[in-house]
């Protein structure tokens, strides 16, 4: 508002033509959901967030379809999402690609190119211009950035020019003698420029309505209480100079626009026709307190307008009532009979009262009083219907939720038993069949049998009940799935393999369910911390402070390791640096070396009390110390390790040459951007375009080639080489880490290298600390072969969560860094951009730590003398399962939390995003762990 001076001028100087509203959205506040809500008048569900990329066409009835079906010519220009949602409804469209958030001008310039010529044409009835510069500027640079200010100033000038053009054509009989201008935002923005949640900054935006018609009749102040609730009458001279700002629910926009344009309401709308906007267009406006409402002329005009508005609300109520009745009949989870009865009583009361008063009214005064009462009753019904819809449609299916939670807990039991089985398998060549460890065939057979049994039981119950017991298709699928889960879990949890020798069976079953925790106190403490962390997810306060919680647990375990190091006089330096690096990462996380710091380091702010040379020197020094030097250091570390590798591949030299080229290309990519941003040297447009698009694509191809070479040579090496598996997989993991780390750094941007150096040193300290437990490992008997990985795996899991926050991410949809999806590309492809966005979001916190698990096992495995490859595979499998168990425990508890807190005020802003991120993260983790398990342990564990 401060930068859009034209809005303030209009509502103060042309108060009979203009009105400003607080435009309030319903979460989620992603762009596609808001467009869907604005055009259908419904409440988009939370699952619609998944359609934010590659939006499908809207099949529900909507205002755009109604306008097209009733012969209204519509012209659209701007965001191409409109064309995806409404592919055939527009008379003429000028779409522009909208997903490249780094592009602030293409869409806006395209709109301006077609907007002003269209204002002088008469080939349209509705004109839509969707600007995106402010949204993209917020995502990339933040709300308080110079780019945001420049965009708002540009929009201020655009609105002024549009109004000037409309005024010049507003004379009677001219092109725009009856034109309504609506300037609005579909959502707000946080201070970081993001949106998607349900905070006040995200759901509140503005709507300016301005009409070319002069207003002649006032709107009775009694008919709309929202004005008095929000601002009230302007009684004093000081208040006369302040604009009246009223609330306008975005839910009400579709029906209000339909009423103004004279088309049917969308079938699924549950909104209410807004009286202030409707009155502004139909010739009425709320007066000041001093307006004489008792004059016969004003009274008669107000009564006539109230008749019109009352009839509109009558149709509005009939449409909402029809939709709710139809929805309850056809939906599996419709409204309850008691809820419908309450709404029906309100609806019948409004209709009967209105009919009675319309037939008995004898004077204008009585008619006006009765009409005001009718409007109040209609409004009460519509508000109750909207409130009921908001309440019911944010409730998930309780049966499915309980079933999902039960499946998660069953999976926890299965994973727990699997971890314990791998911890007691002897390293000696005792014959244990793989089918005992994972009886896949029997689990499939048992699951099938139980599914058939469940279906048979249901059919019998249905037949004997005479068809009175019915279930939906979803419930029937749940019955079948439940049978499969029961059958497979029963086979794994309680099966006894008769082919397994009696001795081995007793060894395993004696230890599977028994609490034989390792004597290491740090391991016990790590398990306790892991349980506390999972339980803390039941609290919104701890979810908000999860980063601090994770750091606290890491530091606590690090202090215990330091105590052990001092007692053994071993690895004291590594244990100390582990604590120091944790504090450094904590500081970096608070400072969030993200877009705000990049901006502060990359923009030359006007008016700084320093010379340009000093400012330039500071920025160059900052980039050198935090970007290029760490990046070179990371690349050099991987190259040094790879040159000493025992990983004997024929393509090793090719990988050794490609890896430094990859890191050098990243340096070149950022260097050209810095030369342009710092204005050190004018870079030709052709070179800039090549560097911006072709170099990242070349990096992607180079990385993909190196991954293929590593995996192919790893398979060949495992089958033919005499080198131990531990050494082979350790070197292969380092090579993969070096390659994948490059693409992750490219997507993370300039804050990535410094975080990579510090987190890499922390990971090295964590690995080096494992040698402190060498005496315990060497002293164990070979028939037990139990190495306690609990402390190391828990710390590695907490370290991966810490990386998520250190790289500038957070558990919210407005924290997704869409710019990373367009590194090297200008055009949107859902699969390509989805993969890049996933690598940016989950690369540092999931992909790299899971590959690094090989190093954790190798470091412990080297401590055992004469350990076989088979023993290494067993220990590695145990570690993978333990890491998976920790991730599943956290996901299970956040699922329980979401189920409990589904009515919480912060469900959209906190709990639901956290649940979605953890659920997707668990799927990514499971997929990567299964791939790693199959690749490293195939064809058999023995």
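Glycine is no exception: its Cβ is also placed from the backbone N, Cα and C atoms.
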Given ranges 374-399, 400-425, 556-581, the stretch to which TrEMBL attaches the annotation transmembrane segment: 400-425
Transmembrane segment range according to TrEMBL, out of 588-608, 651-671, 756-776: 651-671
Matching range for TrEMBL feature annotation, transmembrane segment, among 811-834, 835-858: 835-858
Matching range for TrEMBL feature annotation, transmembrane segment, among 691-712, 779-800: 691-712
Annotated range (TrEMBL: transmembrane segment) out of 329-353, 879-903: 879-903
Best-contacting stretch, by C-beta pairs under 8 Å, relative to the transmembrane segment (879-903) and drawn from 400-425, 651-671, 732-749, 835-858, 915-935: 400-425
CB contact flag for the transmembrane segment (620-639) and the transmembrane segment (400-425), at least three pairs under 8 A: no
